[in-house]
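Here the structure comes first, spelled out in structure tokens, and everything after it is commentary.
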Amino acid sequence: LQGIFVLGLPYAILHSGYSGLFLIILAAALCCYTGKILIACLYEENEDGQLVRVRDTYEDIANACCKKLSPKLGGIVVNVTQVMELIMTCILYLVVSGNLLLHSFPYVLVTEKTWSVIAFVTLLPCVFIKTLKIVSKLSQLCSLVHFFIILVVMTYCLTQIHQWSWAKFRLSIEFEDFLVSVGVIIFSYTSQIFLPTLEGNMKNPGEFRCMLNWTHFFACVLKTTFALTAFLTWGEETKEVITDNLPSFLQTLVNLCLLTKALLSYPLPFFAATEIVYTCISRGNHSNYRSPLFAVGVRGSFLLITLLMAMFIPHFALLMGLTGSVTGSAMTFLLPSLFHLKLKWKKLSFLEKCVDISVFVLGFLCSLAGMVCSIKGLLEVFG
């Protein structure tokens, strides 16, 4: 919940003004809600009225919803969507790593693509990751690095408190700029892809809802505080990635920390994507598809694909925006609310139905708006 997107929040506030602060709070509430209803779809009541976990994955939920139409259609759609988003996220981390290395060592005569290859080499051990426990250790280190970055930026901002002025906030906003802000804010909270696996691996799954409430609450507080202090410090000069606003003596340190964060962030989406593909392939009884060597081959292939796409896809940021608008909104808003309505319709109150429908409509509008902006950007780039 505290990913690299957080560094773009001050820029989002620049273009959305006071409404941006409201959006940060609203997005936290909505993403927390869709996370809860998604996990609720994993459970059904038994004869004694007790909740029993009858499904394990996002795919199982989708198949349960589409079983009358086609037993496996829902799972195929969800898996393709998940893998697309996860692979694009991995590619983004490689692109970011190459860019950060280029700016950290400007005097080394090496191209950005070469730096991406160097970053790729450090990620080769990901091929041997077998369990979520290893990934969680790396993610924990990633969180520590992230909080150090936030601490450095906020400490610098607090030294400039004498320059702060609430007059820097916009009252009027431009619609397209506002849509960009909506995208940055919403996608800084997305985590639904990982939730079924996370809940299934908890020692006490009964604490999941409480955990989700507290994590989203603290994420909201941290995001709001960080975005507000950074924007009040730089105002109209706020850049897309706030670390670019830092003085040069801090930039190199923060860039190297960001590089560490990007490399430590890579294993989570990579592990999730390869597990989905490996599970789909090895589902049959063929023993060759369940061997450890085959699993290493799947992970190695994915690792190579992310490198090749990072190096050769032109205008990757725009394509990432287009993919994110489609897959991000679908996995975060559209599918959880749709599946919840389908599986729990008879047990939902009128108010709960209205909330689910509202979330679905909001997700559809966000997805549509994001697609229009991204396609417009691509058309402008390609002339």
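All residue numbers here begin at 1 and follow the chain in the order shown.
Glycine residues also receive a Cβ, built from the backbone N, Cα and C atoms like all the rest.
As annotated by TrEMBL, domain 'Amino acid transporter transmembrane' applies to 2-375.
For the transmembrane segment (76-95), the list of distant contacts is 58-59, 61-62, 116, 119-120, 123, 193, 262-263, 265-266, 269-270, 272-273, 276-277, 280, 302, 305-307, 309-310, 313, 316, 319-320, 323-324, 327-328, 330-331, 335: same-chain residues at least six beyond its ends, Cβ to Cβ under 8 Å. Under the heading transmembrane segment, TrEMBL lists 76-95 (among others).
Nonlocal intrachain contacts for the transmembrane segment (115-132), taken as residues 6+ away from its ends with a CB within less than 8 angstroms of a stretch CB, comprise 94-95, 97-99, 101-102, 197, 201, 259, 262-263, 266-267, 270-271, 295-296, 299-300, 303, 306-307, 310-311. Sequence annotations record features per position, and here TrEMBL assigns transmembrane segment to 115-132 (among others).
Long-range contacts of the transmembrane segment (144-166) within the same chain, counting only residues at least 6 positions beyond its ends with a Cβ under 8 Å from a Cβ of the stretch, are 2-3, 6-7, 222, 225-226, 229-230, 232-233, 235, 242-243, 246-247, 250, 253-254, 257-258, 260-261, 264. Here TrEMBL flags 144-166 (among others) as transmembrane segment.
Residues or ranges marked as transmembrane segment by TrEMBL: 178-198 (among others).
The feature transmembrane segment is assigned by TrEMBL to 210-233 (among others). Residues of the same chain lying 6 or more positions beyond the ends of the transmembrane segment (210-233) and with a Cβ under 8 Å from any Cβ of it are 1-2, 6, 9-10, 12-14, 20-21, 24-25, 28-29, 31-32, 35-36, 150, 153-154, 156-158, 160, 163-166, 168-169, 188-189, 202, 242, 245.
Long-range neighbours of the transmembrane segment (253-281) within the same chain, counting only residues 6 or more positions beyond its ends whose Cβ lies under 8 Å from a Cβ of the stretch, are 3-4, 7, 59, 79, 82-83, 86-87, 89-90, 93-94, 96-97, 100-101, 103-104, 119, 122-123, 126, 129, 132, 134-135, 138-139, 141-142, 145-146, 148-149, 152-153, 193-194, 197, 243, 246, 289, 294-295, 298-299, 302-303, 306. Summarising the annotation, TrEMBL assigns transmembrane segment to 253-281 (among others).
Here TrEMBL flags 293-313 (among others) as transmembrane segment.
Look at TrEMBL and you will find 319-339 (among others) tagged as transmembrane segment.
As annotated by TrEMBL, transmembrane segment applies to 359-379 (among others).
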Long-range neighbours of the transmembrane segment (293-313), counting only residues six or more past its ends (CB under 8 A): 87, 90-91, 94-95, 98, 113, 116-117, 120, 123-124, 126-130, 270, 273-274, 277-278, 281-282, 319
